[in-house]
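**Student:** Okay, handing you the structure first.
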Amino acid sequence: MLRTLTHPYILLSLAVLFWAGNSVVGRAYATDLPPVAMVFWRWVIAALVLLPICLKHFLRDFHIIRANLPYIAVQGLLSISAFNTLLYWGLHYTTVVNTSLIQAGMPVATLFFSILILKKGISKLAGIGIALSMIGVSWVITQGDLATLAQLELNPGDLLILIAVFVWSIYSVLLAKAPTGLSRLAFTLAMVLCGVIVLLPAYGWELSTGATFELNQHTLIAFAYIGLFPSVLSFLCWNRGVELVGANTAGVFLYLMPIFGAILGMILLGEGLQNFHFVGIALIVCGIWLSTRQK
């Protein structure tokens, strides 16, 4: 049993499953937990859990962290603060199914921003793939009526999730500029700490608007899940899986996100798939396949 649980494919699948579950919790507690509060306490919990795991590496590499603090702070702002706030905010208005399908465009969005930021060249197939995936995401956002793009009659939640995808993609591209010699554990803890600090003013503002929450059994369970599973356990499972099979093979497992998200959304929240979802899925999957093929 233990051998099965430590198999790299199981570890990678669990990491993606926990991330998909994060969207379910964000949607289920949309009326109970304000978005910034969810992000802030999620990462406070994660930081406390990561501290004993990462502290030794953090202290050893502190001189590198201090020398590269602006870069680490920006990465913490993008990945911890901005992405998660936009995600939970968007889930106040849209479904887990839509969220998962829009997030499925992350690999293609990352490729797109790598062209803009890192000036990387791409093949014609990759260019077609980017276009197809963008059309697929647009198809989901407009519910199969692309004319609504011109009328700007779009679900605000879908737009927030799309912006979140762009934010995460920029963060992913900027990882190529990570300082050398800085261990992954030290880098992760430093980003989490920076992200939590950046969130403090936003959380203070949210509290000033009267957006509070009741701490009860249900909200404690929600915080326990998002603070442990999609934050710490996904991180540990994913990193171990990457070590065992490599980044390229591991990246394929991200394509499970829309599948897990749709299944969890249907089972736990009673959401359904409509015809425009299937068209969007087909376009996004084809786009990802084309854009990730070798030149």
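Residue numbering: from 1, along the chain as shown.
Every residue, even glycine, has its Cβ placed from backbone N, Cα and C.
Caution: TrEMBL annotation is automatic and unverified by curators.
Straight out of TrEMBL:
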DOMAIN    9-141  domain 'EamA'
DOMAIN    156-292  domain 'EamA'
TRANSMEM  40-59  transmembrane segment
TRANSMEM  71-91  transmembrane segment
TRANSMEM  97-118  transmembrane segment
TRANSMEM  125-142  transmembrane segment
TRANSMEM  154-174  transmembrane segment
TRANSMEM  186-205  transmembrane segment
TRANSMEM  217-238  transmembrane segment
TRANSMEM  250-269  transmembrane segment
TRANSMEM  275-292  transmembrane segment
**Student:** For the transmembrane segment (97-118), which recorded stretch in the set 125-142, 154-174, 275-292 gives the largest number of Cβ pairs separated by under 8 Å?
**Tutor:** 154-174
**Student:** Could you put numbers on the helix, strand and coil content of the domain 'EamA' (156-292), residue by residue per DSSP?
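**Tutor:** The composition, in the requested order, is 116 helix, 0 strand, 21 coil.
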**Student:** For the domain 'EamA' (156-292), report the average pLDDT of the model, please.
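**Tutor:** Taking every residue of the domain 'EamA' (156-292) together, the mean pLDDT is 86.
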**Student:** Let's see if you can do this one: DSSP helix, strand and coil counts over the domain 'EamA' (9-141), in that order.
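**Tutor:** Across the domain 'EamA' (9-141), the residues distribute as 113 helix, 0 strand, 20 coil.
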